[in-house]
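Take a look at the structure below.
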Amino acid sequence: MTAQEVRLCGLLLQEHFGEVVEKVGRNLLKSGTQNLRAIVHETGLSVDLVKKSLCVLMQHGACSFIQGRKGPGSPTEYKAHCDRMLRILRYPRYIYTAKTLYGDTGELIIEELLQRGHMTMSNTVKTVADRLTQSMDEGSSMDYGEVSSTFSKLVETHFLQRCPPAVGAGTTGSSQTANSTSAAPASSTAPTPESFPDCYRVPQVTLIGRSKRPLASEEGEDQRNAKKAKMDPETHGDEGIYWQVNFERFHQHFRDQTIISAVANKLDQTSSEIVRTMLRMSEVTTSSTAPCTKPLSANEIFRSLPSTYNIPRHILDQYLTLLVDDPMEFVGKAGESGGGMYIVNLNQALANLARATLESIVQERFGSRSARIFRLLLRKRHLEQKQVEDFAMIPAKEAKDMLYTLLSQNLVQLQEIPKTPDFAPSRTFYLYTVNQLPTARLLLQNCYKTVANLMERRLFEAKESKRLLEKSQRIEAILASLQASGAEPEQLTEVEEMITAPEKQQLDSLRLHVNKLDSAENQVDETIFLLESYISSSTKPTSFLNDVDGMWLERKAHFDLDDTARTLRHNGQKVERYTKETAGN
């Protein structure tokens with residue numbers, strides 16, 4: 001965990017949960033696993049505030065508790081999860097994806113679960129139905145069955161999953177409290193949702209009817225209604241079964257969409273539709289960490305193509321051959337049965353996309369000539385300065401300046417291959433190279449820093465115009481109440497004129513700046529997701545043969561260079577020995 005990750009996590013916690021939760025979360029990130037007493041001592045907060053903050057973090061999966069390291073009877077310890085906190089940055093993208101796939105109902109279901117961490121199916125259906133009813137025309141209401149159907153579809157496609165059962169806890173769900181040290185788990189390893197068979201089984205919920213529109217007098221009683229909902233004795237058959245958002249499934253969908261867009265830009269729309277069909281056929285059966293999809297026959301792909309794409313079979317075979325022969329290697333061939341077995345190379349696709357991203361970043365920061373050198377080193381692996389000048393067709397002085405600039409930014413590495421053991425500069429090869437994985441890690445940290453800077457700037461802009469924003473919100477609330485009560489147009493105009501023309505201009509400028517900053521955050525997050533996916537796919541363990549192949553491909557040039565250096569060193573020793581013998585004679 002780096003300083004930039006801790007800084008970004010602190011800003012996300014502060015924006016979504018407040019300064020107290022941010023202080024507790026930042027302390028856990030910096031100090032690691034701690035018990036309640038140590039957290040209270042280091043943060044300077046009261047025990048009650050620390051307990052409530054830990055409850056909020058655990059409710060959203062950003063913190064977990066484990067048994068004390070000193071053995072049975074020792075205080076329960078708490079550990080923060082940096083990766084879970086960073087996912088808060090991607091909340092708008094999760095919600096927008098659910099809206100695209102399942103409409104407004106799916107959007108509200110995902111939004112409610114993200115806001116509350118985890119909920120039961122019955123409570124989620126009720127809340128979403130009430131919100132949809134409020135947005136409908138007078139006299140219309142939302143049926144619970146429609147919301148339940150959308151909820152079931154989200155579970156079937158694995159976008160939602162059950163929360164793992166608490167290990168060694170006496171209570172379930174949100175009733176677990178942070179000070180339950182007596183209910184410490186027996187094992188320090190938390191269970192994963194996929195580790196039990198009912199992860200994606202929808203319970204039978206006895207929820208029939210339609211949502212009721214709340215009365216005007218009840219709309220201001222949100223807090224009391226929330227408490228009544230907790231004390232509601234009515235049961236629906238899913239008590240104790242809590243659901244959460246499956247982030248890995250969303251990430252799998254984002255990865256698939258990125259690959260489809262890349263194929264469409266590289267080839268054409270028909271090729272991307274074929275790849276989309278292959279990914280859709282294996283989206284549930286393929287693990288999110290798998291290096292490639294399950295093999296699919298050409299016959300299965302042909303039958304699963306959308307009816308709008310009236311592609312003959314021989315044309316499909318030509319497209320599949322084109323995809324297999326493409327240098328990007330998005331699609332590979334795994335056999336000949338069934339007209340040919342084809343797979344989508346997920347890890348290879350991520351590596352190529354990450355490589356294109358690195359080249360684009362270098363080009364934007366240092367220019368097209370530096371990008372040409374960077375791309376040349378990625379392909380040739382090891383080159384001397386003179387070779388870089390010749391292959392890139394750049395004058396010696398400019399190539400030297402560009403190489404040193406990239407070297408100072410840690411985008412290019414310099415490797416020394418000595419001819420003799422004394423490492424004399426005159427008898428040493430100096431080779432420039434690019435290591436894609438460390439470079440991706442470096443640029444990922446720069447992306448974290450960029451997002452944190454954008455968030456701080458957005459918060460600063462809002463703080464500077466706090467008085468004007470509060471005035472605008474008050475006037476909007478007054479206008480809404482007057483419109484609800486049927487006020488005259490003259491009264492509405494009089495209220496609107498409470499904001500002067502310069503203040504309106506300042507508000508418009510502020511909203512424009514904030515929208516630009518929000519858009520920039522989302523765009524940088526897309527780069528963060530791609531780099532994180534590539535790093536995760538490159539570092540996770542695969543089969544032994546893949547590891548051996550990867551090590552050989554990565555080190556082949558090193559072996560050749562070592563052999564060359566060893567030969568040169570041996571020849572130098574022979575010449576030196578011959579010189580001494582000649583001088584003695």
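Each Cβ is built from the backbone N, Cα and C atoms, and glycine gets one as well.
The domain 'RNA polymerase III subunit RPC82-related helix-turn-helix' annotation in TrEMBL covers 8-67. The domain 'RNA polymerase III Rpc82 C -terminal' annotation in TrEMBL covers 149-353. Sequence annotations record features per position, and here TrEMBL assigns region 'Disordered' to 166-235. Look at TrEMBL and you will find 168-193 tagged as compositional bias 'Low complexity'. According to TrEMBL, the feature compositional bias 'Basic and acidic residues' maps to 222-235. Taken from TrEMBL, the feature domain 'DNA-directed RNA polymerase III subunit RPC3 winged-helix' applies to 358-434.
With DSSP states grouped into helix (H, G, I), strand (E, B) and coil, the domain 'DNA-directed RNA polymerase III subunit RPC3 winged-helix' (358-434) comes out at 46 helix, 13 strand, 18 coil. Residue counts for the domain 'RNA polymerase III subunit RPC82-related helix-turn-helix' (8-67) by DSSP state, with H, G and I taken as helix and E and B as strand, are 44 helix, 6 strand, 10 coil. Averaged across the domain 'DNA-directed RNA polymerase III subunit RPC3 winged-helix' (358-434), pLDDT in this predicted model comes to 88.
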